[in-house]
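Beneath this line is the structure, given in structure tokens, with notes to follow.
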């Protein structure tokens with residue numbers, strides 16, 4: 001019972017709940033006691049006392065480093081190890097100088113005071129269990145922390161934590177260090193000057209207010225720190241011009257994101273003397289530290305937020321049962337003849353997307369994509385203005401630790417007699433990595449093609465098996481069953497390969513050893529985009545452009561492995577199947593990958609981390625207290641960058657624009673998904689992930705180029721979908737070239753060719769030729785070929801070439817017209833909003849006025865000071881003259897007195 005009481009740790013008391021150490025995992029997962037995880041959240045009323053500040057309650061924690069430590073039992077060996085390492089630390093501090101010595105001596109005394117407990121403060125483990133590897137980590141950690149102190153940062157260790165096996169180093173950047181780094185980083189900070197931002201007027205103002213009211217329920221309920229129409233004039237920070245800035249509250253002049261980015265910059269460039277130690281990234285990679293992260297500002301109260309119709313207005317000729325058109329079998333042997341009227345439902349559904357309105361909708365979406373890109377450029381400039389990034393230019397990043405390590409290894413491997421020092425890696429050094437990248441990328445794309453081919457074989461074999469069924473319901477729904485199951489299989493494969501391709505792309509990028517983080521990110525993004533784009537859209541491209549065109553004809557079909565006959569589209573065309581594939585893939589990726597995975601995986605990892613820490617810490621009495629903020633954030637998932645978030649949007653943009661002609665509901669589903677996901681992402685970033693380090697950027701970088709590339713490709717693909725996948729062009733050609741009365745009557749009959757059933761290959765004819773109740777002499781199939789009674793039986797007819805020519809002409813005209821209209825939109829809409837350009841110009845004028853006033857004030861102060869000093873000098877000189885004249889008279893009188901006295 002005592003162990004059970006100790007095992008409760010810091011869990012909140014719940015009535016009737018008993019928590020035992022061995023059953024923690026069982027209680028959480030099988031009995032639903034998720035309230036146990038709420039022990040990780042500090043109370044909001046005591047944020048200042050729970051890890052956001054140093055123990056003095058004054059200095060804010062700007063960054064946290066964690067490293068593994070073990071609680072030793074007790075004994076003389078632990079005390080000896082503590083003493084030896086402390087003496088080494090003090091000796092090193094003596095060599096660094098008096099300031100470092102003053103910082104280390106109190107720590108040394110504190111460690112001496114703790115010696116009787118047998119705890120090794122720096123090592124965290126008994127001396128006999130230490131090996132050389134752990135000693136090296138401790139020495140490197142000690143040296144790194146000493147370097148940080150030399151850089152001016154203030155450190156505070158917390159080794160008596162409630163998390164077993166983890167110790168923390170809290171880092172605080174004092175005011176003078178923040179000012180120095182802000183000047184080096186050229187950060188723009190608010191000055192004393194405040195001005196009113198000009199508001200929009202007229203129709204634009206009304207439209208903007210209407211849009212803001214519509215989207216207001218989607219915004220989080222967050223208080224505004226200052227009115228939207230009031231803005232501080234910003235200027236690049238300079239220590240010499242501190243009088244220009246609003247320093248009324250120095251504690252909050254640099255906000256938390258700025259402070260953490262400044263400290264992270266110092267951590268990246270602080271190097272150790274140890275071999276291959278190049279900043280915090282190298283130390284994290286070698287396990288010297290297990291994590292480095294800024295803290296969340298506090299807890300939040302979560303909120304959640306979350307409604308079409310379409311009509312068919314034309315009766316298709318296919319549904320006319322009076323025609324009784326007999327169609328050729330859809331597969332060999334097991335399939336029999338069928339009547340065209342049985343495809344009425346599929347034809348009606350296909351007409352939802354295959355109609356003249358599809359062309360205009362595709363043109364509209366192409367123009368929408370162009371307007372979206374222009375709007376984003378304008379939005380980007382507005383954000384640059386609001387975030388004080390106007391005029392910001394990307395600077396050269398620090399070289400990555402892996403790059404410097406490779407350069408060092410190359411330098412040491414070269415001949416020692418070489419005089420010049422190697423400073424960079426050449427293309428020859430990266431040639432093996434480039435060849436590996438090329439081979440692996442082609443291999444991964446080949447894997448995608450192979451899986452698509454496997455799904456094709458699945459469809460062919462499953463369809464044949466379903467048609468062999470004795471159940472008539474199964475045979476009648478064989479097509480729909482095969483289409484749906486194949487689309488689901490494609491979705492599962494896409495989700496699995498997405499994770500695999502993401503890991504492969506990162507591994508290939510690491511092999512290249514890019515010099516900077518920016519170069520690494522761009523190469524990673526490009527490889528990931530290529531692999532995931534091919535993975536997501538290869539099955540769709542096959543259905544849109546290849547299925548049903550590599551079939552052959554009755555009596556001369558194309559076979560795979562000499563037994564699998566290539567599949568063909570239903571008579572309504574492949575557009576309906578393309579819509580099914582697109583809808584399942586898009587909705588599945590958004591619901592499963594983008595939402596469930598994003599929230600579920602971080603929660604699961606957080607649960608596993610918490611369970612691991614609980615299992616070894618149930619007997620500690622200090623766990624009954626609330627965890628500190630930095631201990632709470634330690635359980636969160638490390639922030640892995642924004643690449644997955646951007647990649648989701650790029651793939652979604654592809655679904656919305658590339659095949660919108662075949663799936664017009666894609667924009668609606670994308671909008672609904674984004675309304676939900678934007679709140680899920682907000683909760684994930686605040687409650688499930690460690691706080692990312694803020695980084696300045698003038699734009700979204702390579703992502704904008706990818707968006708523009710997808711938008712341009714979308715125009716071409718939609719042109720091909722309308723021209724080759726739908727029946728829009730064949731209908732237009734028939735109506736204006738072959739119809740006797742200019743109507744669509746007889747169009748279906750015009751698209752069907754004749755086949756004499758006696759020309760079937762041996763063993764390929766239907767097993768039940770009387771399935772329709774009467775013998776069949778001729779069957780029809782969809783193609784433009786000459787009839788069997790012509791002089792050139794089964795050859796491609798003239799109508800085929802006429803339709804093909806019109807199709808190609810339509811692609812060229814559609815592409816050029818839409819591209820021209822997009823360029824016109826690009827030219828008409830300015831990249832910088834007019835009000836923003838006016839505000840930037842106004843800021844420049846106000847900034848000049850501020851400088852002039854400050855200089856005039858300085859000049860006036862100097863003039864008044866010089867006048868006062870002149871008056872003081874004049875009065876002092878007069879006093880000196882009087883004093884000198886009096887002193888000159890005194891000797892003469894004295895001399896006379898002395899002479900008189902002598903006489």
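Note: Cβ is positioned from N, Cα and C throughout, glycine not excepted.
Where the annotation comes from TrEMBL, it is an automatic prediction and has not been curated.
Model, not experiment: these values are computed from the prediction.
What TrEMBL records for 1-20 (among others) is region 'Disordered'.
Per TrEMBL, the feature domain 'Anoctamin dimerisation' maps to 53-311. Residues belonging to the domain 'Anoctamin dimerisation' (53-311) score a mean pLDDT of 68 in the model.
Annotation source TrEMBL lists region 'Disordered' at 67-119 (among others).
Annotation source TrEMBL lists compositional bias 'Polar residues' at 71-85 (among others).
The domain 'Anoctamin transmembrane' annotation in TrEMBL covers 340-843.
Per TrEMBL, the feature transmembrane segment maps to 356-373 (among others). Residues 656-657, 660-661, 664, 667, 704, 707-708, 711, 714-715, 718-719, 721-722, 726, 728, 814, 817-818, 821-822, 825-826, 829 of the same chain lie 6+ residues outside the transmembrane segment (356-373) yet bring a C-beta within less than 8 angstroms of a C-beta in it.
The transmembrane segment annotation in TrEMBL covers 438-460 (among others). The list of residues near the transmembrane segment (438-460) in space but at least 6 beyond its ends in sequence, with Cβ under 8 angstroms from a Cβ of it, reads 331, 482-483, 486, 489-490, 493, 497, 501, 504, 508, 527, 530-531, 534-535, 538-539, 542, 560, 564-567.
Feature annotation from TrEMBL assigns transmembrane segment to 480-504 (among others). With a cut-off of 8 Å between Cβ atoms, the residues of this chain six or more beyond the transmembrane segment (480-504) that come close are 440, 444, 447-448, 451-452, 455, 458-459, 462-463, 466, 474, 528, 531-532, 535-536, 539, 577, 580-581, 584-585, 588-589, 592-593, 644.
As annotated by TrEMBL, transmembrane segment applies to 524-545 (among others).
Residues of the same chain lying 6 or more positions beyond the ends of the transmembrane segment (649-672) and with a Cβ under 8 Å from any Cβ of it are 308, 353, 358-359, 361-362, 365-366, 369, 529, 532-533, 536-537, 540, 544, 575, 578-579, 582-583, 585-587, 589-590, 703, 706-707, 710-711, 713-714, 717-718, 721-722, 725-726. Under the heading transmembrane segment, TrEMBL lists 649-672 (among others).
A Cβ distance under 8 Å defines the sequence-distant neighbours of the transmembrane segment (706-729), meaning residues of its chain 6+ beyond its ends; these are 353-354, 356, 358-359, 362, 365-366, 369-370, 372-373, 376, 525, 529, 544-545, 573-575, 578, 650, 653-654, 657-662, 751, 803, 806-808, 810-811, 814-815, 818-819, 822. The transmembrane segment annotation in TrEMBL covers 706-729 (among others).
According to TrEMBL, the feature region 'Disordered' maps to 871-903 (among others).
The compositional bias 'Low complexity' annotation in TrEMBL covers 873-886.
Summarising the annotation, TrEMBL assigns compositional bias 'Polar residues' to 887-903 (among others).
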